[in-house]
Amino acid sequence: MAKSRNFVFVLVWLSLLISAGIHLFSKGFLLTRVAQTNVSSCINYDQYRCESDGKNGSTQKVISAAYYYCVLVTWFNECNGADKVSSILRDIDVAAGICFPPKARVILLVIDALRYDFGLYNPDNAHPAPYENNLPILSELLRKQPDHSRRLKFVADPPTTTMQRLKGITTGSLPTFIDIGSNFASPEINEDNLIDQLVRANRTTVFLGDGTWTELFPNRFTREYPHPSFNIYDLDTVDSAIEKQLPREMARNDWDLIVAHFLGVDHCGHRYGPGHDEMRRKLREMNEVIRNVTERMTDGTTLLVIGDHGMTKTGDHGGETEDEVESLLFAYSKGSPLLTRGYDGNADTMQQIDLVPTLATMLGVPVPYSNLGQIMFQLLPDVRVDTFLRYQLALVHLWQNARQVQNYFQQYGEPRPSDASVDPEQEQELDDDEENMFLMLTQRVNSVYTEAAFQSFSGDLRHYLKGILEGYRRVWVKFDPQLISHGLLITFLGCFAMAILIVNSSPHQLATMFTEGTTSYAFLLVFFAAQTGYAFHEVFGLSSAQHGVILFGSIASIALLALLAMRHWVAITENMASWKRSANVLTRASFVFTTCVFFANSFIVQEQKILSYVLMGFFLTTLYKLHRLGGRFAFPRLRWIALKKSTLVKLVALTLFALVLIRVSGGYFRCREEQANCTDHLVKAPSATSPTEGQRKRTTDSDIDVVPCVALVLYIVCTRLYLRACGNLTGTCVNVLLARYGPIVAVVCTCAHFTVSKASVQSAIPQLHVDALAWIVYGLLLIQIGVLIGTPLLLYVLPKRTDVLNVLYGERSNFAPEIYRQLKENYRGRSSEESAADIPIVCGLGTVYSSVFISTGAMLTVMLALLLGSHGTMGLILVNSVAIAYGIIASILQYEQSSTSLTGCIQPSFPTLLTWVILQQYGFFATAHQPTLSQIDWNAAFVGRTYHFDGSNILSGLLVLLNTFSVTFLLSVLFPLLVFVPFCLYAMWPTLAQRPTTTPKTPTGRGGSKGGETSSNNTMRKITSDGGSVEYRSVTVNKAEETGEGETALADFDITKGELNLYENEKLFLGTVFKTACQLILLQSLRIFCAMFACTLHCRHLMVWKIFAPRFIYEGIASYVMFVGVILGFLLLLRVHRAVNTLITAINKRR
């Protein structure tokens, strides 16, 4: 077992090596913007003192260059309002450091996911959709008080996730792509923002609702009432708490800003979609909230109702479609009217970042330093300040906005050694163009004397601000070429080293290659290399200590792999020379084609269809190879009896069945925005009650998904019947009882959860009962894990005799005759002395390894189906069925092509391994997923956690991860089945191994036998069944373990003995499974390398952030999931093998 532990270390080592390359590339490609620590500041308007006008004899001096702080030196006469106005208008640049008095107190109602069309009202619509005509208070106020009300389209910058939008509406800065990853754990904002400006000005701010605000702004609010925000199954708790507390806060007079963030509409969209009746209820509830607030408001208060983002037709968000980025803004001023629309050029659309300078001006605080938005005058109450005319005050506010953006532009454009966020060449080009324009505007600002001149100047200045904004949108992120190149280099060299060292070495050579000494030296070498990188990262010009540790550790790993390859170069070259260059050409071409998908945006968009065609091609290719073998795989005569008995016809039927399953699974694909003529199975056509053109809605609660439940039940029942036929469900021990009844109980609870969880919130079913169904499934899985650690084997030992009988049902309906037949043969073939001893009977020994994996896979399948929901379960079952079908066909081909080699029979072929990897990718799409940010299924985070949400972001992320990459994780854990399938298949159906014209070969010796059950005899006898003969084969094994010499001997193996062949050849068996694991890691590593390389090539592509970057992120996470799954699968195999070894040893001791 020491060698097995070495294999585990190597698997972890190789996985970390590839992960290191992915991590470095991600750090270089998905950089976040460098947050500026500068803070805007000003003096209050009341503290401003006029400069000497040369007439009244006053002497004053204003010092405001550094901090915009005016210091009064001397004065003789009091500076009145008119003097201040004339002094400011003489040099409007002075106004950049002045905070004018607040224009109103503000109530900010944030209704999460309030799409723009949710706020429209059409009285002529006789059959409105559930999300239409539910906010009549907005239209009512616009009609009755048009000078006090505004409704605008509020456009967000993608990604449209709540945390990024809250950053946008408080800092005024643009979001960065990778910040979406912190949606599970919102970091504190460390750059200048509106909330901090209010705190510095000693203003009172109150918050109610979504707890994300208090995570972004801890200890900032005077009073706060946060609530957990991630439980999307809860539509009312947060909203009800706000409705209860908001009137009390409004009644107090000490506040300047109240922020109330409602979550019910967003959660309703996630759970039901906008086309559900619950959406109508939540929107009408928001309508009453707005009505009550407008009635309770006092004069001098402005209400702003905004949505942080919209939602798609299925209720999702995160991307950049029109439905996702367009939300609603409604403003209502009580007391003072709002400024006219003419000051904004009659605009009816505003960017979300424009809210920041608008709110800052309204509240009388400095505009945050990092703001890139423009002030919207039509949202400001028309409050006079001294003798300023309207256009003059608007000019001052607009210039304050422009000067703040210019200061930020100049500061951000200054070169800094540690700043890696702006491309220097593009930055210089941007600086030159914009700086010249601003100099011209600076000369014009002091010569604006009429309203017409202001309109002209305002248009030019807004064009300038827009140019800066668009420029930053183009060049904000600079890709770090050092990190990108290091990531690509490590990943490529890691793949190359694995391809040379692992693929071209036999299992026996791998066992001698990765000894305990080698792994120990590897650990020490990597450790000291990492320490060197940590100590000298600055000397080598690396960006951080982490960069140095990863780079030097990876270099040491690659160097060690290269040394191992050089040490075993003779054996490697001999294995390479034995390759058939023309073999698997079509399979290799298919693999190259699937990796080329990453280099074309249209291929990525249609990837699921490409993968389906590739899978179909693999089936047809494998079937064709079987047909070319001839014999019983040739076309039979066109007679019913011949067709019925033909093996080829059965395989053709199985292949056609698999092709149909692949085609059916395509109906469960989700659509993405770029796919034309695509119908999402999650989205239904317009109903009779809501015939709005183009309307689509999520499946309603009344639609009970019977098909997924039936498919899941059939899958579990078939699994149970198979294990029972193998004899692995015989007995009453805990693990057998769990394997027998656990999946059945779990599948009943899962199907019940599908049904009751679709009930509306008004249902009489308590949420505790719904969660209890999920808890049972989770509990059964945890018990299964505990049992696997303790007693994993599904065997039943009946002490009878000293021999071990492998009792299988096979094609017989009762195992009793099989026991009698084998006992009779043993009795005839033994001496009287041997017959006197007891012979233990072991049920299920022929499938001792695969039975544990199949039982574990069944329980995992049910748990993953629970997380996927009814919409993804069908795809999971279909992909599993396709995998089983291909495993059967490929195993028969593998056995037939390895007529003289146990090694060839046990080692999965390259097409089989590639198909396994492609199935993982295909399963991602078949389970209703797409590599887009807006289609992440967040529902999985709350399965079993809606009654009491613990708030654990780690657990939420883990559940969403298992939902998204369910097939990848499942097939990775079950990868040893690729080795087991030929043996358990022929053990169950021994007639597949019969060749009527062949004579069994006489074995010349035994090798690699451990002694015990069937290997206790020195010779093998011929076993006949149904008139046919089983073929004995010879295998060359290395007997160095037993004799200490390098001699080899031939060893026979009987394929119908099943997985006992694997146990008898332990070194070959474990080495093959290890090599298979490394090959799977290699194939996935090549895929992620191509995704990384494609992102590098297309880093300035128009679709890089919409298509290429999300695809890389999904592929990278899938790689991590696969690495973990493969390691867990190998650890499970070692645990089972250890238990088998303990069992055989105990049996031998009793003999």
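Just so it is clear, glycine is given a Cβ too, placed from its N, Cα and C backbone atoms.
Per TrEMBL, transmembrane segment is recorded for 483-506, 518-536, 548-565, 585-604, 610-627, 648-669, 704-723, 775-798, 839-868, 874-893, 958-989, 1112-1134 (among others). Feature annotation from TrEMBL assigns region 'Disordered' to 996-1025.
Tertiary neighbourhood of the transmembrane segment (548-565): same-chain residues 13, 17, 20-21, 23-24, 486, 490, 493-494, 497-498, 500-501, 513, 518, 521-522, 525-530, 532-537, 540, 542, 572, selected by CB-CB distance under 8 Å and a gap of 6+ residues from either end. Segment contact is absent for the transmembrane segment (610-627) and the transmembrane segment (775-798), given fewer than three CB pairs below 8 angstroms at sequence separation of 6 or more. Counting only same-chain residues 6+ beyond the ends of the transmembrane segment (1112-1134), those with a CB under 8 A from a CB of the stretch are 1, 4, 7-8, 11-12, 15, 18-19, 22, 26, 29-30, 598, 788, 792, 849, 852-853, 856, 920-921, 924, 931, 961, 964-965, 968-976, 1070, 1073-1074, 1077, 1080-1081, 1084-1085, 1087-1088, 1091-1092, 1094-1095. Using the rule of three or more Cβ pairs under 8 Å, pairs at least 6 apart in sequence, the transmembrane segment (704-723) is in contact with the transmembrane segment (839-868). Same-chain neighbours of the transmembrane segment (483-506): 14, 17-18, 20-29, 513, 543, 547, 551, 554-555, 557-558, 561-562, 564-565, 568, 571-572, 575-576, 903, 1071, 1075, 1078-1079, 1081-1082, 1085-1086, 1088-1089, 1092-1093, 1096, counting only residues six or more beyond its ends whose CB sits under 8 Å from a CB of the stretch. Residues 6, 9-10, 13, 542, 545, 547-553, 555-557, 560, 564 of the same chain sit 6 or more residues outside the transmembrane segment (518-536) yet have a Cβ under 8 Å from a Cβ within it.
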